[in-house]
Amino acid sequence: MAIKGRGYRSCGIDIAPSFCARILLHTGAHHIAEHIDMDANPARSWLTFSAPVAAARAAGRPIVALESTIIAHGMPYPQNVRTAREVEQVIRDLGAQPATIALIGGRIRIGLSDDELELIARSDNVHKVSRRDLPAVLASGELGATTVAGTMICAALAGIEVFVTGGIGGVHRGAPETFDISADLQELAKTSVAVVCAGAKSILDIGLTLEYLETHGVPVLSCEQDNFAAFYTRDSGFRADFRLDDAAEQARFLRAKWDLGLAGGVVLSTPVPEAAAMPSAEIDTLTRQALEEAAAQGITGKAVTPFLLSRIKALTGGRSLATNIALVKHNAEVGARLALALANAGQAAA
């Protein structure tokens, strides 16, 4: 056993030295295995846990994963950093531990320090990382901000069951011709993480997105209303598969799904608070305008969503950014309560 670099490493998993020292002081070196994951899965060797996240894991406290693409590509500085910290605090205030995920220095960071958060927020060369991008960015050691799909993969490796985001990706408008379908949907079909969101981004074809999820057996839950949410607006006009308002009910649903061996994620949609919601007609008009501009400029692939969000922000005079901030904070409340309910359900079963 040796202290190496910034943290202690055993079985390829790094934890911060301050946490390591506390473990050694209170338990002795021969009990260190009780506080780190001794799983032989080589994928876990790429994980580095922040001290607060490692402490929460050791104590069995619920953890909520957060993505970093919203920080690097979804909001401008300094609103991105301020929002990220406020969202983390919402989760802490409800009794869970936030774990913002990003790729830094060839490691998957599960939980970011203030300096690491600033690095992701302020750097110009941060890759947008989905499933296909993980090996390249890890191997190069460059900076990476995880998408919904990328965050789901990393959260699952870290044993985190609940992930909060703004809105999921989906089937883009015009997809029958372009085949532009977000990798988020395939990840939801295969990776067992609950994704709490304000529905799908309203720049998408939400009807086709829900059809795609149905085809792949991904349950779509809604709380607070019957219909699936539409990011900036509360109601997409499409019904969710099931309405479950209570966190304990949501937790029982997840346990039943995963206990049955039904792999894959679950979408939990919750609408943006009414006071912050935008009119559907306005958002639809502006989205069409932004899509036309993107096509005229030849913007394609994973550059489309950041461009559209930026243009809609400009076209609304910043109102859409305020809505985005409000909805992700609300999602964090719902996600933290779900994580707590899952933890309580696990303790009751034990």
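Keep in mind that glycine also has a Cβ here, set from the backbone N, Cα and C atoms.
Sequence annotations record features per position, and here TrEMBL assigns active site, proton donor to GLU67. All protein chains included, GLU67 (active site, proton donor) registers 29 other Cβ atoms within 10 Å of its own Cβ. Secondary structure from DSSP puts GLU67 (active site, proton donor) in coil.
What TrEMBL lists as active site, nucleophile is LYS201. Sequence-distant neighbours of LYS201 (active site, nucleophile) (same chain, 6+ apart, CB under 8 A from its CB) are GLY166, GLY167, ILE168, GLY169, GLY170, PHE231, THR305, LEU309. Look at LYS201 (active site, nucleophile): DSSP puts it in coil.
Summarising the annotation, TrEMBL assigns substrate binding site to LYS128, VAL148, SER182, ALA183, ASP184. Non-local neighbourhood of VAL148 (substrate binding site): GLU67, THR69, PHE163, THR165, ILE168, GLY169, SER182, ASP184, GLU187, VAL195, each in the same chain, at least six residues away, with C-beta under 8 Å from its C-beta. In three-state terms derived from DSSP, VAL148 (substrate binding site) belongs to a helical segment.
Per TrEMBL, the feature Mn(2+) binding site maps to ASP180. Counted within 10 Å of its Cβ, the other Cβ atoms near ASP180 (Mn(2+) binding site) come to 19, all protein chains included.
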Count of other CB atoms lying within 10 Å of the CB belonging to ASP184 (substrate binding site): 28
Secondary-structure category, per DSSP, in which LYS128 (substrate binding site) falls: strand
The one of LYS128, SER182, ALA183 whose CB sees the fewest other CB atoms within 10 Å, among these binding-site residues: ALA183
Annotated substrate contacts LYS128, VAL148, SER182, ALA183, ASP184, maximal Cα-Cα distance (Å, integer): 13
Residues within 8 Å of the LYS128, VAL148, SER182, ALA183, ASP184 Cβ centre (excluding the substrate site residues themselves): SER130, THR147, ALA149, GLY150, ILE168, GLY169, GLU187, LYS302
